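What TrEMBL says about this one:
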type     : residues : note
TRANSMEM : 93-116   : transmembrane segment
TRANSMEM : 136-154  : transmembrane segment
TRANSMEM : 229-250  : transmembrane segment
TRANSMEM : 283-307  : transmembrane segment
TRANSMEM : 443-466  : transmembrane segment
TRANSMEM : 486-508  : transmembrane segment
TRANSMEM : 514-534  : transmembrane segment
Amino acid sequence: MARRLRRPESFEDVKAEGLFRATTAPKLLANRGVLFVQGLPGLLAAGGLRPDKIPTMQEVQESGSRIFESTTCTERVDVFVSHRWGTARWAKYLNLCLYLNLSAAVACSLITWVLATAVMAFRTGSAGNLGDNPSLLPVLVYLPVGVFFLMFFLGQHAVHLFWPTSLWVDRACVHQTDHELKQRQIQALPVFVARSSSMLVLWDDEYFQRLWCQLELATFAKYGSLQKVYIFPLWLAPWLLSALLINLGAATGYHFLWYGLGDFLFSLALAVQGSIPEALSGLVTQVITITLFGSMMCLPASIPWAIACKAKLRSHELMLDQMANFDCRAAQCTEPADRPLVQQQVQHLFRAPGKQEANHMASFASSSSHSSEVDQIDDRSLDAFNGYVQGPLRSVVLENVGAKLHLPHGWCLLAGLPITFYSCVDILQCDEACVADNGFDTFFSYMGASTATWLVDIFLVFPTFYPVYLRMLKRAFSVQHECLQFILAIISAIVSLSYGYFCSGWVFGLVYLSVQHGLIGLLPLLALLVFLVLQHQCLFGRDRGGRQSSSDGTYRSLHAFDEFTI
């Protein structure tokens, strides 16, 4: 390693040497992210050779050259991907798919859902003629969900045609077998970061402990925007995909329960109605049947849901704790000789105005005073970087992925996408007899009331499943005995889901009651909506405790990054 890293001002020299390279999303995600496979097998597979054979030195060199030559020289990249080499390939692959393809996946699935609904209604002449149609579930739920997963894993090929994204990833853009070129590229790492429009951090348990990851973060803090740092914890993509599959199973289970046990559950509700005024009988029926349906679906969903949320709870707490207690001096480094180089660069980036002059003036003083003053300046610079991670960067993470017991409302809506798709099935499968049983004169009056209830459920009720369960799960895991932890986690899943469906039953019942009986149902419905809105604010409002105040003394004096000088 040379004696110092290159400064971002040396970009023209770096460009002339052809060191700054870029890759594309299709190349990065090719063969399910084979580029991120550890060691020699990953190098061979990404270079187009068989990973299971013992290669010759020439084949190793050829593989590294192929990977490097698949990149192109560039002056700027859209995304700098910061990650730890030791992280599992699949975790990185899934989160890169999430970052690059999620918007396309959601848009295409929603368009498919709307078009499929319109086509089915058009073919039968009216939306009211689709009752008991067996193709409703596969066409209106499975098809758009299938499109979502197709675009999630392969959407980069289509998106790249219209909105190409250039990325810098060390595994591709740094030559892995030409060691002299590799050393020169590593020295130019600050240049690459400074010439990136945004930074994607693939966080794992050890990310903040790695010295080179810290250098990347510090450089982007100086030259980029805080709002352009996207931290994706590696639990996020597996959690979202598992939640989608669980909700797909829930929609399927609800559908078949409707056909298999619907009459039985309605008979249970009717048995209770004898002691209830006739005006409230429909409300009671809705609350009982929907709560029972939901509770029955909770049983098979509780175990996978507990596993997915447990991983989220543990990893997310660790990430926020690491950021709150971040200290760049405690970072790990494979090569001890790299530590002074990286720390000098961080100190230089976070040195406050005027300190460099003091550093130069100290050279005319005695050696002891020089050492004391430089050490003090360097300590303040490192403290400034610590304050950046502990303060504004942590606040951005809290806004994007929530606190330990929180999830942003948008992520919860995404997780419930299959249930959203199922709403059309639930409305359209109701035939004339079903419309009459629910107390409506026409299908379209029933459809209007059902649409209103589903909108309330989709935006105010179903997203609460996740934060409510996380709070209960935290209590369950406070118990020491592992077997009891598991039992309490299952019970917590059942209770949280049943509570959500209980609220949903009240929404359906009160909307139907207000449509049929006017003021009798309208006032309780308004009270319920107020309660749901307040609950939503409590569960999804900004985590005020997680916001960092700029009153921290170390950070306050050095936080104006636009005043830093290099």
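Numbering starts at 1 and runs along the chain as it is shown here.
Cβ coordinates come from backbone N, Cα and C, glycine included.
When Cβ distances are compared across the two stretches, the transmembrane segment (443-466) makes no contact with the transmembrane segment (283-307), since fewer than 3 pairs at least 6 residues apart fall below 8 angstroms. In terms of C-beta pairs under 8 Å, the stretch of 93-116, 136-154, 486-508, 514-534 lying closest in packing to the transmembrane segment (229-250) is 93-116.
Cβ atoms under 8 Å from those of the transmembrane segment (514-534) belong to residues 279, 282-283, 439-440, 445, 449, 456, 460-461, 503, 506-507 of the same chain, restricted to positions at least 6 beyond its ends.
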